[in-house]
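Colleague: Pasting in a structure now, in structure tokens, and then I'll have a few things to ask.
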């Protein structure tokens, strides 16, 4: 009995094309073809090196990936202000949790919305400050005090 050998065409090197069959885009079976697509052209002695860099520098910054820098100023639009408050409140709550977990410190965080709702994060030892009547009264008296000093305490 003779065994038949089935040969499949497997490329010698992985292809960088986006085709579904793994072959290079031109249909050519040249194994070195994908190398030219992966590497940036390095100029020879006679070519100008700064030629390609000018195109990258002139690209508008809006097309670059990353975070946008915002001006820290009061947000006039109520809807945007509410969304920003919600996102930043959850962010600072997460940071407080991480600080207490990573360092073992005791943390008490109070965040009061413009509608007067009080959001808290506390570690177990500081929990009575926000759950017992004495602590609640202290917080309320601070919140209802006149705004003599606009600067936050601790700076």
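The backbone N, Cα and C atoms fix where each Cβ goes, glycine too.
In TrEMBL, annotation is done automatically, which means it is predicted and not curated.
What TrEMBL records for this protein is below:
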| type | residues | note |
| --- | --- | --- |
| REGION | 1-68 | region 'Disordered' |
| COMPBIAS | 1-10 | compositional bias 'Polar residues' |
| COMPBIAS | 45-58 | compositional bias 'Acidic residues' |
| DOMAIN | 65-125 | domain 'MADS-box' |
Colleague: Can you break down the domain 'MADS-box' (65-125) into helix, strand and coil residue counts using DSSP?
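Modeller: Once the DSSP states are binned, the domain 'MADS-box' (65-125) shows 28 helix, 10 strand, 23 coil.
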Colleague: Give, as a single whole number between 0 and 100, the mean pLDDT over the domain 'MADS-box' (65-125).
Modeller: 96
